[in-house]
Every structure is written in structure tokens, then in C-alpha cells.
Amino acid sequence: MPPPPHIKPENVLKRSQELIAVGQPQAALNVLHEHVTSKRSRSSPIASLEPVLLQFVELCVDLKKGKSAKDGLYQYKNIAQNTNVGTIELVLKRFIELAEKKVTEAQEKAEQVQTTLDTAQVQSATNVEDLEALETPETLLLATVSGEQSKDRTDRAIVTPWLKFLWETYRTVLEILKNNSRLEIMYQSTAHQAFDFCLRYTRKTEFRRLCELLRNHVQNAHKYSSQMHAINLNEPETLQRHLETRFRQLNVADELELWQEAFRSVEDIHMLMTLSKRPAKNIMMANYYEKLTKIFLVSDNFLFHAAAYNRYYNLLRQSQVIMASGQAAKRDNPQVSEEALTRYASFVVLSALAIPVISTSRSRGALVDMDQARNNKNTRLTNLLSMPAAPTRAGLFKDILGKGLLNRVRPEIRDLYNILEVDFHPLSICKKISPILAKIGQDSDMERYVGPLQQVILTRLFQQLSQVYESVDLTFVNKLAQFPEPFQVTPAMIEKFIMNGCKKGDLAIRLDHVSGILTFDNDVFSNRTLHSGSASGSTENESVQRLQATPAEIARSQLSRLAKTLHITCMYVDPSYNQARLAARDTALTRAEAGAEAEHEANLARRSVIEKRKEAASDAIAKKQREEEAARRVRQQQQVEAEARRLRDETRQRELKRVRDEQQRIKRQEVEKQLNELKGGMKLDLEGIEIDDLDTNAIRMLKLTQLEKDKEKKDRVIATTAKRVDHLERAFRREELKHLDEDYEHQREQDQKEYETRKQITLEDAQAKYKESIALKRRLGRLVDNYDSFKSSISQRRHKEFEKLRQKADREFEAEKQKRVTQVKAQREAEKREREEAERREREEEERVAREAAEKAAADEERKKKLEERRQEAEKKRAEADAVAAKQMQREAEAEARRLARKQEAAGPSAARASPFGRVREAAPMTERTPSAENAVAPPRIAGVKPGSWREREAARKEAEAAAAAGGAAPSPSPGPAREQSPAPTPAPAAAAAAGQARSGYVPPHLRNKGAAPESTTPDRSASPANGASAPRAGAGWRGGAPAMREGRQDSRDGSDAAPPAPKPRTTGGGYVPPHLRNRQ
């Protein structure tokens, strides 16, 4: 059963388009969202649902409805992921394209707005009244409120919302595509697009979130690996795609300088490479080690930085050898030249030299380096470098010397190595290294190693000074530790370095600030030694050049040296000592060989016992755990049920209480509402009245009582007030009568004084104003001549300027007019050419149409002519066929007449035969037979029997040809006057033609009604021959006997003793004629 029309995708899409057309995109989105998230849409075909989704995501992007888009796309993924993955990719790509397009449009709009603002600022700057005022109050206020520039505010208002939506789009698509092997390629490409987004717009926070999101997806892929269509990281193709994505993530983190995310990306890459069953490509590993060098350098971990550079150089060298031998493809190996190898070799040696001998970390001492956290960190970093053991400074130099890198590095790097690691020159080490540091500082990439190298140089300086001096002057040390600008170190930095080395246990120096002396600790019983867990360790201490052992070292090693010396002396002095030692060793070996087998068997037995005990213990533990787990589940189930019951009871009680409270609240609200209405209209005393005890009737009684009280009080006040006002007004009137005349005189005097005062002031003002006007007129009268001359000069100058401008305008007008005329002429000529071209095309088109019409008319005429010729030819052939048929019918009729005549002659006039219907019919007299019937003798015909032999047919044919050649037909005798003896009529030529046509079996349409004989008078049945002789068959021929007989039998069955009605004359022959109808025509 098909779904209702209102939920078909086509109808939903049409409805949404109608809503969009009338300006209701939100309503259209609601319609599409309801359809997409509906369960009924799962049965819709994908081909019909895809346009709905495309329209849906377009509306979501336009309206910034990211959550709605997420819901719809999740539903669509569940519908189509098992049948058509391509449509999911199409919809998601369209989603991302629309979001990116909106961001681009927002950027263009922001640029336009910024351009408009800049233009407005320029115009406002030109209209500034005070050019010295650099800041207006508006700009100062805006700068105080917001420190951003106008472009930043514009971008934040216009571009940032769409950037946020685009970021949400990438997150939504990644969430939809995660952990799906059928959508893995789309997932990786979307991740790459998200990386490009973060890099293009420098979105560091979003990049961190994106890295964490991808990391969680990989972890969930391990957790939910049993789901349908889940990815399998054991597949090489899937793992390779994840590796490429992580390398892209590492590159973006490097460009954004997010080193913590870069380090996490390196850990992710290392984890994926450990899962891979085939090794990674050299070009990928080269990128891996290169990024590790940057990460370790930024984190000031120079030891692992040098180790990473060493691995990177080894990989480049290996790739060069493989490429030279042609054993691998070029795309799988990094391309490197000899100059690049020399540069990288220099970096390898320089990074190894920059490893500090004294640890620069801020820790509480050397023993802190031995804690578990430090070991775990070193183990992690070692695993990232795929090294069997943690690297050391001495180990790196050993590897460098073993591979001969000193022969490939730059000369200054080689000299630096010799100065620091080979030569012994404490008084000139800084002086020799200063030119090398200056040259290294010129290279921007190598300049980063100058600071660590200074630490190493100072360490070597103090180590070598301790071999030569017991104490030195601090000023002398400061003079020795001189470096070129801008790498100069201060005495405070040197003192800080000494204190740090002593704190770490790498240096044994005492500093006396009073005397300014540095003293190297040579106490025999001192325990201050280089700690093995420090940054350099005892191995690095061996690389320091030694002139002689210190007293402390001599005291610590005297017992071991004494033991070695005594052992060697005994071997030379007492031969039996050596023999006893050898014999003891042989005895121990023999005893070990004898008891080896028994010990091995004992160990095996013990091992089996231990295994059994372990299995028993593990089984007991497992059983106990299962019992505890069962008991825990039971308790947990009971707790859950009890908690559920408690929650149900609490919910029911809360619901009942809520209903009661709601009823009371509604009742109280109604009472308060009524009381407020009463308070608004009257003063109501509610003291001592509880609101909860009131109802509608009580409130009505309160209202009526208060109304009565108010009315009575108002009446009393009105009566009292009216009486008081009446008495007061009468008293006022009596008192006024006494003072009316006096008040009138006083008012009259005041008005007269006021009038005189105002009159005097007006006259004085008029006189002063007149004097000022006269003085102004005289003063300005002296300026009239100057004014007129100045005005005339200005008018003349302005007139000249106006004339110049007018002439210039006239010239420009003429030039523009001429230009416009030329343009109009050219335009008209172009229009004329176009018009002529159009007319030519129309004329050619009309000629072509006319030519085609003429050709078509000629072809129709030719076709009609051919049809007419074929028709005439067919008519001619048909006429010839009709003539031949007519002649044949005529000959057959004549032959039939002759046969009938012969039959009648043979039967005789007196022969009578009973008719089939019991009636006696009279035969026609022989005198009325046709002449041709006398000469023709034909064999009798039996109904239903085929004609005779071929001789009979051949004879009949020859007779017919002879009759046709004669060209005449036998005349038909006129019928007799008497009805009783009506002779049988002679067949007419038309009847003969009909008989011939019946003989042939086909009658043409134009002859079917033309050969009928005229209707004759029906003969009297009483006068018919009594012998029942069969009547002549008019045109019966040799065919159609059986049907005619059947017709006769039917007529005989339908007949009665009464005379049957006269049958209609037969117009055509060719069929069987029943016996009772053979003589009626």
C-alpha cells in the first residue's frame, strides 16, 4: 500500500518550495525536518529522498540551524548507509560547500563594509574643523569601550558567526561519519578540510578540539569494533589513511606553533605505526622525525632533540642510498642533495654539542632525576624515537664518530667539536670559540643553539680549570668567559650557573664573595661526585680531559688498586696460587655438569607443581569472583527495585501534594483577585479576616456591607459640607459690600501710576535707539564708496571666472557632443548592420522554407500522379477481370440452361414427382426451353457430390470458349399468360454471369447486384409438376451443395401444408438452391 500523499517526499519538497516562494523559510524547514526525522521516511526510496535532503541542508545553512541539520543527517545516514553510500557523501559535501560559501560571502561583505567605513572616515577627516585635534570625543569614547579596531569589530559582527557555523558543520559531519568503514574516505577528507579551516583562519582553540575529537573517535573505534560497518585498524588501507590524517594534523600543529598538540599528534602517529603490520614510508618517517626535532627544541630537551636529529639524518642518508640503487620509488623517499646532507650533518653534530652537561631543569637536586616520573618520561620519548635504550650524550658522539659525520660537517662545527671534546685549553677555550659562535649566530637556524652551547662551554671551562687550579680569582674567571656580542654573559649569569651546577652535584666549587675567590673542592673525604642520574652522568664525565687524578679520587680508589696489585703479584710469584684457582674452577664446572640434569628435572617438577597451584588458585579466585559477582548483582537488583519503589512512592506523593497545592493556589488566586478588585473600587477593611477562610459568598457580603457604609458616610459628609459652604458664602458677601468703593479707588490709582511709568520708559528707549541709528548711519556712510568699489571688483572678477568656466564647459560640451554623435553614428551603423544581417537571415530562412515547401509540393504531386497511375492501371485490370468474369458467367449460365433443357426433355411433360413438401409441381413445357438447352447434354448433378473427371471439366471449358467466340446468347422466351402452366424462365446474361461468378467463387463488388433477373410471377403450386422433378439450378455450379441442402432442410422443417410465400428473387448465383426454389425465377 503506498504512503499517503502528504508524506511522499515529492509532496513535501513541493510544499517547502511553495513556503520558500512566499517568504516563509522557517516553516519550510520545519516541514522538511518533520519529514526527514519521521519513521515513515525510512520506507521512502533514496532517489526521492535525496532532493528533500539537499533542500533541507540548504535551508539549515541559510537559517543557521546546525542542530536541526545534525538530526536530519543522522537519520538520513541510518536510512541510506546500507543501500547507497554515495548519496550520503553527496549531501554532506553539499552541506560543507554551502557553509564555506556563506563564510566567503561574509568575508566579502565585511570587506565592503570596511571599505565604506574607511571612505566615510576619509570624508569626515576632510570636513574636520580643527586639524590639530587628533582625537574626537566619539573616537575616544569608542576606544575606551573597545580596544579593537574597526575591522576587527566588523569581522566579529559579520564573519565570526559564519565561522562558528562552519566549525560546527565540520564537527557534525565528522560525528556522522565516524567509525564507518563505508564512509571512511569521506571522513578523512572532511578531517583534512577541517585542518585547512583551522590553518586558514588561525583557529588554535578549534584545532585543539578537533585533535581531541579525532583522538576520541579512534579510541571509540577500538571500543565499538563489533558494530556493523565499524572500521578495522588492522586493515592496511584504513591504517594508512589514519596515518596520513595524523601527519597532516602534525604539520598544521607545527605551522600554528601548537607544540603540545604536535607532541600528542606524534604520540598518535607512533601508536598507529605500532599497530601497522608494514613499515611506514621513508618520506613519512622523515616528516615525523623532523617535527620531533622542532618539538624537542621548543621544549628545551636538547638530548632528545639531538637524538631525533640523528635519526632524521640516518633516514635521509638511507633514502639517498636506496634512491641511488633504484630499489624504491621516488615518491616514497625524501629527495635530498649532498649540500642538504652536509647541512643536516652539521645540525646533528651541533645539536649533540648543545646538550647541557649540567642539567638546567628547576628541580630540588640531582636525586630528583631518578624518580619514576622521570624514567617514565624518558621511556616514552625513547619509544617515540624507536630506540632500544634512552640516548646519552656520549652515545650520540660515539655514533657520530662511528659514521664519520665529522668529515661531512661544516669546518666551524668540526672545530667546535675539537675545542669542546678533544683539546684541553682552559685559558683560551672561550677565545677560540668566540669566532665560531659569531659565525653560527649569522645562521638563523643555528642561532638557537648558541644559548645551550654557552652552558656547555662554561661547564668545560670550570671542569678544565679544576684540573689545573685549586682556586682562581672571580675576576679572572669573568675575563676568561668572554663571548662576542650579542651573546655576552654577565658575572651574575656565571654565578647563577655555578650555583646550579653545585646544586645538581655536577660541580664542586666554593664561592667566597668577600675575597672574590673560586675554590675547587679537593677534599679527600668529600662525597661530592657527579651523580649518575644527572643530565650528563658519569659517562659524560669520562669525556672530560684528565691531566691527573684528584686526591679525592686517589683516596676513593686506593683499596681497589691495592687489591689489583696484590692479585697480579701472587700470579707471578706463586704458581700454585694460579693452579689452585684453575683447579677450583674445574671442580666447580664438573660439579655443575653432574648435577645439571637432576637440577633441571627438579626445576621442571617444581615448575609443574607451581603451575598446578597457580591454576587451582586462579580457579578458586575465579569461582569466588563469580559468586561475589552473582551476589553483587542480586544485591544490586534488589537495591534497584527498592529504589524504583521508593521513587514511585515519592513520585506519587509529590504528584498528590502538587495537585492539592495547585488547587489551593488557584483558590487563593481567585480570592485575592476578587479582593483586589474590591480594593481597587472601594476602601475595604480586612483586618482580622483570614483569606483562606473566605469564599465567594463571604466576599459578596463584605462587598455589600462596605458599599452600604460608604454610601451612608458619603451622604453625611455631603450634607455637612453643603451647609457649611452656604453659611460661609453668605458671610463673605456681607463683608465685601463694605469695602467695594474703597477697593475701586485704590485700584484706579495703581493703574494710572503703572501707565505713566511705562509711557516714560518707552519714550526714552525710542530716543536712544534713534540716536544710535543716526550715528550708525553716519559711520557706515563713509564706507559706501569703498564697498561699491570692492563689490564692483569682486563682480568683475567673478564674471571673468564665470566666463572662463562657461567657455570651458562649452568646449567640454562640444567635445562630449561630438563624442556622443560619433558614438550614436557608430551605434546606428552597428544597428543597421545587425538589422541588415537579421533581414538577410530572415530572407534566407524564407527562401529555404519556400524551397522546402516547393520541393515538398513537387514530391506530393509526383506521389499523387504515381498513385493515380497505379489506380487507373488497377481499374483497367479490374475492368478486364470483370469482363472475363462476365463472359465466364454467361457461358456457365448457357451451359446450365442446356443441361436443364436436356433434363426436362428426358423427364417428359407428363412425368410428375412428389415435391419434398408433399406438393405436386408441373414441369415447364419443352416448347419454352431455350434453344441452347436442346443441344446441350450434361450429366446429372447430385447435391453434395464433387464434379466429374477432368474430361467433363475440360469439355465444359471448351464449350464455354466456343460460346464466347460465337459472341451471342440464347434469347429468353417471354413467359406464358397462364399462371397454371408457367414455364421456367431462361436465365438472362446477368444470371449466366452470376452463375459463372458462382462457378469461379468470387463476385466483384460492382457486379454483385447487377445480374439479378426481374421478379416474375410466382407459379401456381397446383400446376407444378407432380412427379417432383428437380427444378433447374440457376447458377448453382459445382460448388456449395451442402450448404444449400442444409438451407432446404431448414426451410422444409419450417414449412407447413399451406402454400409458402413466394421467395425473393436471387440476384446472384454461386450457392446451393433447394429443390422447392429452383423453378421460381
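Yeah, the Cβs are placed from backbone N, Cα and C, and that goes for glycine too.
Sequence annotations record features per position, and here TrEMBL assigns coiled coil to 96-123.
The annotation domain 'PCI' is assigned in TrEMBL to 341-525.
The region 'Disordered' feature in TrEMBL is assigned to 625-655 (among others).
Counting residues of the compositional bias 'Basic and acidic residues' (642-655) by DSSP class, helix then strand then coil, yields 14 helix, 0 strand, 0 coil. Among the features that TrEMBL reports, compositional bias 'Basic and acidic residues' is placed at 642-655 (among others).
The region 'Disordered' annotation in TrEMBL covers 813-1081 (among others).
Residue counts for the compositional bias 'Basic and acidic residues' (826-881) under DSSP, helix first, then strand, then coil, are 56 helix, 0 strand, 0 coil. If you look up TrEMBL, you'll see 826-881 (among others) marked as compositional bias 'Basic and acidic residues'.
As annotated by TrEMBL, compositional bias 'Basic and acidic residues' applies to 889-905 (among others). Summarised by DSSP class, the composition of the compositional bias 'Basic and acidic residues' (889-905) is 17 helix, 0 strand, 0 coil.
Positions annotated as compositional bias 'Basic and acidic residues' by TrEMBL: 949-961 (among others).
Under the heading compositional bias 'Low complexity', TrEMBL lists 962-971 (among others).
The compositional bias 'Polar residues' annotation in TrEMBL covers 1015-1027.
Annotation source TrEMBL lists compositional bias 'Low complexity' at 1028-1044 (among others).
Positions annotated as compositional bias 'Basic and acidic residues' by TrEMBL: 1046-1056 (among others).
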Secondary structure content of the compositional bias 'Basic and acidic residues' (949-961), with strand meaning DSSP E or B: 12 helix, 0 strand, 1 coil
Per-region confidence, the domain 'PCI' (341-525) (mean pLDDT, whole number): 80
